[in-house]
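Below is one structure; the comments refer to it alone.
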Amino acid sequence: MELHRKIEEKGLACSEITYATIINGLCRAGKTCMALEILEQMFEDGRFKPVPQCYNPIIDSLCNERRIDEALTLFRDMINKSVAPNIINYNSLIYGLCNMGLWTRALALFEIMKNKGIKPNVFTFNSLIGASCKSGKWEEAVLLFINMIDCGAFPDIVTFNSVLDALCKEGKTAEALNLVEEMFRRGVKPDVVTYSSLINSLCHSAQWKEATRLFNRMLDEGIAPDVVTYNTVIHALCKERRAKEALSVLELMSQRGMRLDVFTYNSLIYGMCRINQWAEATRLFDEMVVQGVLPHIITLRILLDALFQGGMPEEAHKVVEAKVKYGMVLSKITCSMLIDGYCFLGKMDKAKKVIDLMVTKDRVPDIASCYKALVNGYMQAKRIGEALRLVEEMIEQGVMPDLETLKALRSLHPKRHVVSAKSFNC
């Protein structure tokens, strides 16, 4: 803007290219509104004929800013001023419409473009194919892909990955693998996105061997997997009870400096639990916490369920104690799981100690659900007296039992406990 002002002050004549350069610079700096002002000044001057180069950056910026209606208005204004749109204008608008999810309007503009004799290029097709794949319009994506080849626009890695991802999401793994071979024939080398989509699809269709084969091929070709790819392979191996092989992949992951996340650990802990490697599962849990990867409820559910089913309640309790030790807040779900586990094994005294620990540590945001789990445990064990005493304790702690719990207690021994039940307004 300053440069434009100085040029005008010195009485020097600006050309259309000068204006186009200034407009482009403003748009690149994110100053689209100022670029529009310059465009208006250019026309008010009356000396200059509008050229596509002045419109291109503004239309593109408006589309990137999701101001698609303004971009279309400017596009129509351009046509009204007898400026013939070029491939750049159409590509910007088609991309903007696709980005906004306006698939029908994008396709309509694509047809107008072709009718005007403007040949679409790879960018045009990538926008349309990508949008059709994201919206689940698989058949349209295939037709566009064929149309692209017929038009002489050569598909690139972006095109192939869009179509391949759509195939994988549709469960068409065989077709996706064939498409990879087509990529090689056309000299397009698959990248990490290509392999990740394929490996994920193969794992979802339980084709574990093919997934690991493809993973090894990926490594052989020198393509570095990302954390999502590693996690997918580790999860697949663990589901197949091939936890030791999963640990080998983990070792490779560490060697390449990849940071393990909660999904990596969840898969490994799950895998170790499936082959009854309880010590390794708890070791991984401890390592996870030490590495600063915060376990979430799925982690605890996997580990606690496995330990209780394996008859190892003490180990389950240690896991919960470790969570407290590392300063993590115990959730109501975690406590309920631990209490349910002890109740399942008939270890009611242990379950009661969990409640006592929670009250002492004051670490559970909603202890009512934990009390409810223990009351239910006592009722299932037909220890109604203790269930009633626990309800009394709840009230002393300022925790009111819900109506469902009280009605369940009264229904078990209505005569024997009618006074106690009445005292709770049931």
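Glycine residues also receive a Cβ, built from the backbone N, Cα and C atoms like all the rest.
Nobody curates TrEMBL annotations by hand; they come from automatic prediction.
These come from TrEMBL:
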REPEAT    15-49  repeat 'PPR'
REPEAT    51-85  repeat 'PPR'
REPEAT    86-120  repeat 'PPR'
REPEAT    121-155  repeat 'PPR'
REPEAT    156-190  repeat 'PPR'
REPEAT    191-225  repeat 'PPR'
REPEAT    226-260  repeat 'PPR'
REPEAT    261-295  repeat 'PPR'
REPEAT    331-365  repeat 'PPR'
REPEAT    367-401  repeat 'PPR'
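Mapped onto DSSP classes, the repeat 'PPR' (121-155) shows 26 helix, 0 strand, 9 coil. In the predicted model, residues of the repeat 'PPR' (226-260) average a pLDDT of 88. Residues 157, 160-161, 164-165, 167-169, 171, 173, 176-177, 180, 183, 232-233, 235-237, 239-240, 242, 245, 249, 256 of the same chain lie 6+ residues outside the repeat 'PPR' (191-225) yet bring a C-beta within less than 8 angstroms of a C-beta in it.
If you look at the repeat 'PPR' (86-120), the same-chain residues 6 or more away from its ends with a CB under 8 A from one of its CBs are 52, 55-56, 59-60, 62-64, 66, 68, 71-72, 75, 78, 127-128, 130-132, 135, 137, 148, 151-153.
Remark: secondary structure over the repeat 'PPR' (86-120) totals 26 helix, 0 strand, 9 coil, with classes taken from DSSP.
Per DSSP, the secondary structure of the repeat 'PPR' (51-85) breaks down as 26 helix, 0 strand, 9 coil. Per DSSP, the secondary structure of the repeat 'PPR' (226-260) breaks down as 26 helix, 0 strand, 9 coil.
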